[in-house]
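S.K.: Okay, here's the structure, questions in a sec.
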């Protein structure tokens, strides 16, 4: 007989990190499958194959980078790859990019995401920035022009950003925008070309609910992020003097456009780069929503989700430290921080809505958009 | 405390109890062998005055030793026979402990260890004195001397009888409740008197429907004072603080008496009831032997001091060669690396599990440990502070409030030994405090 020693407890639940990552991967592939279907039916096989090509390049670069790292640091390659989950980063990064990105640019971005974004920090669990967001930021910064013309025309998000400055001049202008993109319904189903995996809000919502129920992601993060974006959008809309039915649609537009839904489900929920405590994650999600709105309305970039995540990643250690202690003792502090931040966000949004520079597109831009999106 | 809360984790978790392995079968009597070894063990001290010497004849109920160090804990013999001396061997608490070795003559000749006491006639002081002399200790696992809880003059409004049994696999309390219901009710009445006649709540999991019906019927005549309190089937529902929070909606710092409560285990009440009625100390235990590496999981009735290997032989042994033998349940029980240790007063289970090593991955900072910690601590942050050897942060994170319930390791998806990190951090803090 062999009686083994083991420190208690000697019982473990079934869910493992590997299973969490496997389920996350499955969820990402569902979203990806929708995209392939869209590009195949809406356009043609070539467009769908382009999406496949991008995914293959990104996965290959991710696995190659991690394999070489494992070899150089003298670790078993297979075990390292299985415990490092670089493929998840590659898939997320690909889904965040538009179909127009060149495979070369995506490959470089993947390398940066894996190597500088993760491995240099000490590998899985140690990285400060969300690696996929880090890689996507590299594309924004360095490969703005590295795009093909596989798909032509603007997405609803870029249209809103470039032609309307995220603040349509009047009710008529906003109605015109909604008309040109096929209404909010079209944005919800995601039947348009945008970032490969970010378009279908409904699908992302379903996937998010499933992941939350299965405890793969924390339900708090997407819930707070999405509802805050909606509330702040509504505040901006009301402050800008939109009519009752329009500010609701305006707020919904904020939720349905860009990377909000995708980010909520797959990026903000990344446990490695967000705070560990429940109230910390709530504050994190709230902060992301606020910064997203700030960048959208005042920044030079068309979209704010990505940078909001990276900025909040930097604040994560501070949030963690502020909430160190026992749950019941930090409760009051957490509620205070959350409430103050929420009030500040609402106030700022109101000012932005009331004073923001409203824009109306020159006639021809809207015309092009209409043509492309139909 | 709702389970779903925005700013707070659930601080608890349902765990599959595997209670069906052992809760329906009969209790098997396992006879004590040629030799029993009575542990001289108290949680607070190893300092015992031995009252017998080698060659002495002892009876069931002969006082063998007494700890007089801060708290009084007498130790009684569980068999009759001849004292062969002492031996220092591994104890169920994973510490080497002095044991008195007795050669069992198999006669079970009994002496009255102390006079029985009618609780109706006795006053509080007499009862507390009785509990002290009878050597009643917490039978839920902690082995803490029971009289201390009643010795203070704090105002007690609620006496909670803990029949929750939240550790997986263990069914011995359940079995004892079935067997000795009257003794428990008698013990409870005495406890109630000692505590100044508070309200009594018998806490039991809502899933144990049959037992709830039995208990409801048993307390029918005394509805004004005693009631059955159903609690959810989650871990660690049987921990004092979680139980008090659940039933009284109050949180205390160190002891339940701060919020006017005393918590005692149901089996402790049974032991007290029997001692009062018959004048006998605790000499026999009902112990659950269960787990996936036990051929025939069951409950056994054994004399205190019976070695584990004798019990395992008597019930059919193990299913495999490579096991983890745990004194207690799988969550808080300790693995012992041989089967020579003996059953002590607070051992209510032996859990034997197949040895399946875990493969762990890096912490992904999911915070599940912090969400589930019943003490409201943040194990992931404490592990980071331990890594950085930073006692100041550990202090701020209140690491010393950890009770090592094991839930943080249980929920960890990366399969890390989170609870062990907590122990290491606690040891580091204690060392600093001593300096």
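Heads up, the Cβ atoms here are built off N, Cα and C, so glycines get one too.
Found this in TrEMBL, in case it helps:
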TRANSMEM  A:20-40  transmembrane segment
TRANSMEM  A:52-72  transmembrane segment
TRANSMEM  A:84-117  transmembrane segment
TRANSMEM  A:191-211  transmembrane segment
TRANSMEM  A:223-241  transmembrane segment
TRANSMEM  A:247-268  transmembrane segment
TRANSMEM  A:335-353  transmembrane segment
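Have a look at these and tell me how they're positioned relative to everything else.
M.R.: Same-chain residues lying 6+ beyond the ends of the transmembrane segment (A:191-211) with a Cβ under 8 Å from its Cβ atoms: 23-24, 27-28, 30-32, 34-35, 38-39, 42-43, 51, 54, 94-99, 151, 153, 155-157, 181-182, 217, 222, 255-256, 258-259, 261-262, 264-265, 269, 373.
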S.K.: Counting CB pairs under 8 Å, which listed stretch among A:20-40, A:52-72, A:223-241, A:247-268 touches the transmembrane segment (A:335-353) the most?
M.R.: A:223-241
S.K.: Do any residues of this chain, six or more beyond the ends of the transmembrane segment (A:247-268), have a C-beta under 8 angstroms from a C-beta of it, and if so which?
M.R.: 24, 27-28, 31, 92, 95-96, 130, 132-133, 156-157, 160, 168, 174, 178, 184, 187-188, 195, 197-198, 201, 204-205, 207-208, 211, 217, 221-222, 225-226, 229-234, 236-238, 240, 274, 284-285, 288, 292-293, 296, 302-306, 309
S.K.: By Cβ distance under 8 Å, which residues at least 6 away from the ends of the transmembrane segment (A:223-241) in the same chain are close to it?
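M.R.: Apart from its flanks, the transmembrane segment (A:223-241) reaches 167, 247-248, 250-255, 260-261, 263-264, 268, 282, 285-286, 288-290, 292-293, 297, 342, 345-346, 349-354, 356, 358.
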S.K.: Excluding the flanking five residues on each side, which residues at least 6 beyond the ends of the transmembrane segment (A:20-40) place their CB within less than 8 Å of a CB in that stretch?
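M.R.: Beyond its ends, the transmembrane segment (A:20-40) has Cβ neighbours at 47-48, 50-52, 55, 85, 87-88, 91-92, 94-95, 99, 190-191, 193, 196-197, 199-200, 203-204, 207, 210-211, 214, 216-217, 262, 265-266.
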